[in-house]
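Below: one structure, written as structure tokens.
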Ligand SMILES: Nc1ccn([C@@H]2O[C@H](COP(=O)(O)O)[C@@H](O)[C@H]2O)c(=O)n1
Ligand SMILES: C[C@@]1(CO)OP(=O)(O)OP(=O)(O)OC[C@H]1O
């Protein structure tokens, strides 16, 4: 059984915040604003996985009204989502992401992001693809006011785990 999910997120650039993207800290004059560390890429990935599972969205699981998530490292949120995915016997097949960002240049950071996301999702790096594009100076991303990210994920039911669970119930 396969399930597909899509996630989309936006965060605004502001002065005085760290710029964390895909778990990587990027040296830039602006950072992203949010209740958490505002890692827009990891939020889109969490939403894609939750969406594939029919489990709602990131705000439902980690409300921005809950102080427990203030300033939280979004890798913790992603790992929590992966735990939920495993609890219902799914594993990640592959993940493809697009970051829409006029500036700065992200290419030097992409390989590190891929490695961190792969590690948190418990898959080989070859299953994770992360791309960046500008929006040709158009719209809010083009004006450098913020970043948008999309993620599309394919999940596979872990038949071994569900068979083992069935066997345990029968015996
Ligand atoms: N923030 C960004 C945006 C883009 N890139 C890389 O540049 C390539 C060309 O971007 P276009 O928007 O002109 O298509 C793109 O394919 C990325 O490899 C980047 O590193 N950082
Ligand atoms: C990640 C959470 C955590 O409280 O807060 P934000 O950093 O504001 O990010 P957003 O993408 O608006 O998702 C909502 C929240 O789940």
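Placed from the backbone N, Cα and C atoms, the Cβ positions cover glycine too.
Residues 9, 11 are recorded by TrEMBL as divalent metal cation binders, and the candidate that the same record lists for that site, out of 35, 43, is 43.
Separating the Cα atoms of residue 134 (site 'Transition state stabilizer') and residue 143 (4-CDP-2-C-methyl-D-erythritol 2-phosphate binding site) is a whole-number distance of 10 Å. Each residue contributes its Cα atom, and for residue 143 (4-CDP-2-C-methyl-D-erythritol 2-phosphate binding site) and residue 43 (divalent metal cation binding site) these two points are 22 Å apart. The candidate set comprises the binding-site residues 11, 35, 43, 143. Of these, 43 has the most other Cβ atoms within 10 Å.
Among the recorded positions 9, 35, 43, 58, 134, 143, the ones whose Cβ sits under 6 Å from an atom of ligand 2 are, in sequence order, 9, 35, 43, 58.
Sequence-distant contacts (6 or more apart, same chain, Cβ under 8 Å) of residue 63 (4-CDP-2-C-methyl-D-erythritol 2-phosphate binding site) comprise 69.
Taking the Cα atom of each, residue 58 (4-CDP-2-C-methyl-D-erythritol 2-phosphate binding site) and residue 43 (divalent metal cation binding site) are about 7 angstrom apart.
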